[in-house]
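Structure incoming, see below.
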Amino acid sequence: MAPSSPRPALPALLVLLGALFPGPGNAQTSVSPPKVILPRGGSVQVTCSTSCDQPDLLGIETPLPKKELLLGGNNWKVYELSNVQEDSQPMCYSNCPDGQSTAKTFLTVYWTPERVELAPLPSWQPVGKDLTLRCQVEGGAPRANLTVVLLRGEKELKREPAVGEPAEVTTTVLVERDHHGANFSCRTELDLRPQGLQLFENTSAPHQLQTFVLPATPPQLVSPRVLEVDTQGTVVCSLDGLFPVLEAQVHLALGDQRLNPTVTYGNDSFSAKASVSVTAEDEGTQRLTCAVILGNQSRETLQTVTIYSFPAPNVILTKPEVSEGTEVTVKCEAHPRAKVTLNGVPAQPVGPRVQLLLKATPEDNGRSFSCSATLEVAGQLIHKNQTRELRVLYGPRLDERDCPGNWTWPENSQQTPMCQASGNPLPELKCLKDGTFPLPVGESVTVTRDLEGTYLCRARSTQGEVTRKVTVNVLSPRYEIVIITVVAAAVIMGTAGLSTYLYNRQRKIRKYRLQQAQKGTPMKPNTQATPP
């Protein structure tokens with residue numbers, strides 16, 4: 001603000017009056033200073049003077065509060081005008097013998113605007129759209145010296161004189177990505193430098209702009225189309241081309257169940273991954289929603305997920321353990337809408353139940369009965385399986401395959417007698433010679449003469465018992481030489497006899513043919529002559 005005008009010194013004022021009014025003549029009234037610029041509510045001293053020496057009347061006419069100062073002379077007076085709120089034109093007047101006259105001083109009041117306000121910006125502004133900035137200014141004078149400036153940061157966007165009350169200045173800006181986070185403001189400039197004062201500035205509160213880019217394409221949602229009760233599934237929602245991506249909000253929900261995703265951000269993309277658990281209360285068709293909110297816009301993708309309950313099929317045996325020859329019923333039951341097969345045989349008619357009847361045999365022991373159920377859910381085939389095993393109790397068995405009846409081993413050789421009984425439960429097996437000497441079944445032994453003989457093998461279980469005789473022959477070394485010699489001699493004699501027979505036979509055939517040729521009797525083809 002400019003300081004108040006200084007009070008003129010009395011000697012200087014007198015000199016001035018003497019210079020202005022050097023002698024008598026027509027009466028003239030003067031005012032000093034003729035022009036004043038002062039802050040609103042300020043005070044100013046105004047001097048009124050006249051050219052006559054003895055005026056009948058000298059004063060000032062003004063609506064402003066005034067006070068005559070003591071200093072003064074016959075033809076001049078000094079007044080203090082206070083609380084100047086607006087432009088004013090106080091008028092000095094004088095009444096002299098030779099006439100009346102007046103003079104005005106022009107008071108110009110300056111003050112900065114009472115309100116400089118930038119209209120609120122949208123909370124979010126899409127990139128590529130026009131943004132209108134609007135600034136309103138109330139008050140401020142003199143208006144001829146008042147300018148309104150719109151700014152982005154420190155960059156001027158528009159400058160206009162303040163016109164009207166309130167003054168309003170607008171401009172349009174095409175929003176860009178790099179405008180995100182920029183501050184916009186409005187500033188007034190009251191320039192009184194030409195009047196010897198200064199530049200007065202008032203700036204509005206800044207408004208920060210938030211820009212965004214949200215593509216028109218909906219987010220991509222990947223999830224299972226069907227989900228079984230009491231299981232978990234994974235849902236992934238993603239979208240590319242967002243700005244600023246960290247400001248994007250992602251909402252994932254299955255029906256009324258809000259999911260809690262883990263969000264991973266890229267440069268301009270995100271991926272939200274969440275686990276979803278379903279219970280029997282959720283069974284049926286549910287809506288899966290992925291919504292992305294950025295700025296004042298949103299994009300949404302919907303999918304349907306079918307929640308189903310499908311327990312594994314139930315395989316029922318009359319008894320899991322039966323004796324040989326017992327009638328057994330095997331049943332397979334599943335979900336009412338499922339189709340079942342039992343050991344590959346489908347139900348007739350096709351449905352959720354199938355059964356099989358059989359008479360238990362030893363071959364059925366350990367047999368698995370597999371029930372497969374298939375349920376169609378939302379166009380997908382769901383498969384479940386269940387297997388049960390049948391145990392058949394049957395008596396002991398000893399046969400040639402598992403327990404050979406005759407063994408012939410060389411003396412002093414290492415041998416392992418093998419005899420295994422079958423049955424369920426597994427029978428106890430003992431092989432004894434003369435009721436006391438055991439055969440070391442399954443053990444590696446050195447064959448001696450004591451091992452030779454006939455053993456009675458007895459297999460016993462809760463299902464009965466069975467016996468089988470087993471003979472062990474032990475060959476001593478001398479018997480082996482005799483046997484080898486006899487066998488070799490037999491081979492030699494047999495070979496010699498066969499050679500003699502073949503030689504004599506060929507000789508007789510040639511002799512017969514010669515006799516027939518001498519008699520002139522042709523030989524009959526394909527007829528073999530009988531030897532003499």
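Glycine is no exception: its Cβ is also placed from the backbone N, Cα and C atoms.
Swiss-Prot lists these features:
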- Cys48-Cys92: disulfide bond (DISULFID)
- Cys52-Cys96: disulfide bond (DISULFID)
- 128-193: domain 'Ig-like C2-type 2' (DOMAIN)
- Cys135-Cys186: disulfide bond (DISULFID)
- Asn145: N-linked glycosylation site (CARBOHYD)
- Asn183: N-linked glycosylation site (CARBOHYD)
- Asn202: N-linked glycosylation site (CARBOHYD)
- 230-297: domain 'Ig-like C2-type 3' (DOMAIN)
- Cys237-Cys290: disulfide bond (DISULFID)
- Asn267: N-linked glycosylation site (CARBOHYD)
- Asn296: N-linked glycosylation site (CARBOHYD)
- 325-378: domain 'Ig-like C2-type 4' (DOMAIN)
- Cys332-Cys371: disulfide bond (DISULFID)
- Asn385: N-linked glycosylation site (CARBOHYD)
- Cys403-Cys419: disulfide bond (DISULFID)
- Asn406: N-linked glycosylation site (CARBOHYD)
- 412-464: domain 'Ig-like C2-type 5' (DOMAIN)
- Cys419-Cys457: disulfide bond (DISULFID)
- Cys431-Cys457: disulfide bond (DISULFID)
- 481-503: transmembrane segment (TRANSMEM)
- 504-532: topological domain 'Cytoplasmic' (TOPO_DOM)
- Thr521: phosphothreonine (MOD_RES)
- Thr530: phosphothreonine (MOD_RES)
For the domain 'Ig-like C2-type 5' (412-464), what are the DSSP-based totals of helix, strand and coil residues?
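Output for the domain 'Ig-like C2-type 5' (412-464) reads 3 helix, 25 strand, 25 coil.
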Could you tell me which three-state DSSP class Cys332 (disulfide bond) falls into?
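Reduced to three states, the DSSP call for Cys332 (disulfide bond) is strand.
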So what's the average pLDDT for the domain 'Ig-like C2-type 5' (412-464)?
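Summarising the domain 'Ig-like C2-type 5' (412-464) by its mean pLDDT gives 92.
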Measuring Cα to Cα, how far is Cys52 (disulfide bond) from Cys92 (disulfide bond) in Å?
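Cys52 (disulfide bond) to Cys92 (disulfide bond), Cα-Cα distance: 14 Å.
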Given the recorded positions Cys135, Cys290, Asn406, Cys419, Cys431, state which is nearest to Asn267 (N-linked glycosylation site) when distance is taken between Cα atoms.
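Smallest Cα separation from Asn267 (N-linked glycosylation site) among Cys135, Cys290, Asn406, Cys419, Cys431: Cys290.
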Have a look at the recorded positions Asn145, Asn406, Cys419 and say which one has the shortest Cα distance to Cys371 (disulfide bond).
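The smallest Cα gap between Cys371 (disulfide bond) and any of the recorded positions is with Cys419.
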Judged by the number of other CB atoms within 10 angstroms, which among Cys290, Cys419 is the least packed of the disulfide-bonded residues?
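Lowest Cβ count within 10 Å among the disulfide-bonded residues (Cys290, Cys419) is Cys419.
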Need this for a regression test: recorded positions Cys92, Cys96, Asn202, Cys290, Cys431, Cys457, filtered to those with Cα within 10 Å of Cys186 (disulfide bond). What's left?
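Close recorded positions: Asn202.
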Restricting to the same chain and to sequence separations of six or more, state which residues have a Cβ under 8 Å from that of Cys431 (disulfide bond).
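In sequence order, the residues whose Cβ lies under 8 Å from that of Cys431 (disulfide bond) (at least 6 apart) are Pro417, Cys419, Pro438, Leu439, Val441, Tyr455, Leu456, Cys457, Arg458, Val470.
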In the structure shown, which of the disulfide-bonded residues Cys237, Cys457 has the fewest Cβ neighbours within 10 Å?
Cys457
Quick one: give me the count of other CB atoms within 10 A of the CB of Cys332 (disulfide bond).
26
Given the glycosylation sites Asn183, Asn202, Asn267, Asn385, Asn406, which one has the fewest other C-beta atoms within 10 angstroms of its C-beta?
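Across Asn183, Asn202, Asn267, Asn385, Asn406, these glycosylation sites, the one with fewest Cβ atoms within 10 Å is Asn267.
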Taking the Cβ of Cys403 (disulfide bond) as reference, which residues of that chain separated by at least 6 in sequence fall under 8 Å from it?
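When sequence neighbours closer than 6 are ignored, Cys403 (disulfide bond) has Met418, Cys419, Gln420, Ala421, Cys457, Arg468, Val470 within Cβ distance under 8 Å.
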At a 10 Å cut-off from the C-beta of Cys96 (disulfide bond), count the other C-beta atoms across all protein chains.
22
